[in-house]
Every structure is written in C-alpha cells, then in structure tokens.
Amino acid sequence: RFIAKPCAINLGIQDSGPHRAQPNAILEKVFTSITKSPDGKRLEGLSKQLDWDVRKIQRWFRHRRNQDKPTTLTKFCESMWRFTFYLSIFFYGIRFLWTAPWFWDTRQCWYNYPFQPLTSRLYYYYILELAFYWSLMFSQFTDIKRKDFLIMFVHHLATIGLITFSYMNNMVRVGTLVLCLHDASDFLLEAAKLANYAKYQRLCDAFFMLFGLVFIVTRLGIYPFWILNTTLFESWELIGPYPSWWLFNGLLITLQLLHIIWSYLIVRTAYKALVRGKVSKDDRSDVESSSEEEDVTSNSTKGIFSTSSNGSNRINGHVASGQWTEE
C-alpha cells in the first residue's frame, strides 16, 4: 500500500484490468447461474436467441471471465511483497547459517541429537518461515485457481509438514538448511515477474534465466546430494533408524519429486524460447489469451515472457507449460 503501489505507479503501471465484457442480461444470467464456459450446443442456442455470431459470444464469455481477474497493479504489489520477504529471509538465513557448524559439516546436524539447544535466532527463523507458508496455503484458496493448484497444494502441505514436524522433533539444524536452500531461487522468480509487469523485457528474461539456473542447481544438485544425503545416510549412521525417520524423509523425497517436475517445466520453457525466439501460450495463465480469429500479434514478441496483443502480460508463479503463468 505504501511502498509497492507508489513504485508501480512511478513505473507506469496502470490500475486497469482486462477488457470488460459488453453488458448483456441474458449472457450474464447464463454466466452466473449456469456455466462460465458454454459448450457448442448452448452457444448455438444463445446465438439464435441474441442474433449474435458464435465467435462474438465466445469472446464475450472470455472477456467476462477475465474482467474479474486481478489487475497488473495488484499483481505487481503482491509480487513485490513476496520478493521482499524471500530476499530478506534468504539473507537472514545465510547470515545465521554462516556461523553455524552444521552449515559446513552436515554431520553436525545429528551430533548429540535430540539434545540440541534452540537459540532465539533459530526459533524466529523457523516461526517466520512457517507463518509465511501458512499464509500461502490460505491465500491459495482465495486466489484465482490455476491448473497447478494440486501441485502447489501438495508443495505447501509438504513444506508446512516438514517445518512443523522437524521443529517438534528438534531437527531444526537440518531444517534450516532446507529452508535456506529453497529461498535461494524464489526471490529471483519474483524479481522477474516485477520486471515483466513493468515491461522491462530484457531484465525479465535475464532474471528468469538466472532463476532457472539457480533453481536447477539447488533443487536437483545441492538438495539431493547435500540435504537428502545427510537425512537418509548420515542420520542413519549416527543415530540409527527411528519411527519418525521414515515420515521425515518421505516428506523430503516428496519435495524432490516436485523439484523434478518444476525443473522439467523450466527447461522446456527455456528450450522453446531459444528455438522459437518466443514462448507459446501459458497453460495455467489466469488471463485467457485472445483466439486466433482476433489477430493476436504474438509473432512480434521475442522475449521469454510474451505479451498478448491487448498488452496484458502473461507471467506468474512457477514456470508452467510453455511460458510463465500470470499472477
């Protein structure tokens, strides 16, 4: 309200949403009471009733669905909030862990376990992360529902479960490593979205490529060979198997599976951008693109994150099929 919004306005971001649908009582009733995406049979019936072309009715429903979506200004403010949190918590974690012995020797996570002291800095680090992920869990049900809703829901559940479970079992040392590792790439994603909303295309592309590189290195390299190695093998060697060991590592492996899925989507997006010079329509965008008959000028777009002919940016969340998703 006091920082992000003035920044957005100074960057020329207007508080205007997608094109609004032409007022029509009959179509509005169908939209609110029956269906938001009528099938071919219903479209033909409405065409005869209103004496409208079927394509015109399709456009009306598309515009009607889009007009309730958040504006670019709203999305910029949300991304700036997330960018601020991710960046702050990442540097807090790095500063805290730099002097922690288990950061340099992961076997220290299990020495004298479970009788390890919980310092105030470690406590606040955990509580801040847990509160933030709970907020993401709640907001997911009030935000626009996207096609990767289930994947993100599983991710938030696994993350909250890991933070809570590791705190209750005093596995906070290895928990801090997991948290810091995940925060390393998230702020770059939000930075790329901010650049996209402000229409700094080259900066947006640069941030995205850097995000993809950091994401893959941390999630497919450091995470399995550093984190999973200590939770699966070093803990087994130093303290032996215990009942909660299976659940703890099961959650960590679930996260790794999600990392593989997202890394695949990132690589596919980057590949399409390099081969075609642009990226096709986003499969989980919360603003629907224009149909082919509306002469979308997508061929003129050369960045990794394309802009539709009506000027609406398509970018959002984690990488989705073909392009960023809009948030």
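The backbone N, Cα and C atoms fix where each Cβ goes, and this holds for glycine too.
Since we're looking at a predicted model, the values are computed, not measured.
Summarising the annotation, TrEMBL assigns domain 'Homeobox' to 27-71.
The DNA-binding region annotation in TrEMBL covers 29-72. Taken through DSSP, the DNA-binding region (29-72) splits into 30 helix, 0 strand, 14 coil.
For 74-275, the entry in TrEMBL reads domain 'TLC'. On the 0 to 100 pLDDT scale, the model's mean across the domain 'TLC' (74-275) is 89.
Sequence-distant contacts of the transmembrane segment (83-103) (same chain, six or more residues past either end, CB-CB distance under 8 Å): 109, 121-122, 125, 128-129, 132, 173-174, 176-177, 179-180, 183-184, 186-187, 190-191, 194. Taken from TrEMBL, the feature transmembrane segment covers 83-103 (among others).
Residues of the same chain lying 6 or more positions beyond the ends of the transmembrane segment (123-142) and with a Cβ under 8 Å from any Cβ of it are 85, 89, 92-93, 96, 149, 152-153, 156-157, 159-160, 163-164, 167, 172, 175-176, 179. Annotation comment: TrEMBL describes 123-142 (among others) as transmembrane segment.
Long-range neighbours of the transmembrane segment (207-226) within the same chain, counting only residues 6 or more positions beyond its ends whose Cβ lies under 8 Å from a Cβ of the stretch, are 106, 177-178, 181-182, 184-185, 188-189, 191-192, 195, 255-256, 259-260, 262-263, 266-267, 269-270, 304-305, 319, 324. Summarising the annotation, TrEMBL assigns transmembrane segment to 207-226 (among others).
What TrEMBL records for 246-267 (among others) is transmembrane segment.
The region 'Disordered' feature in TrEMBL is assigned to 283-327.
The compositional bias 'Polar residues' annotation in TrEMBL covers 301-315.
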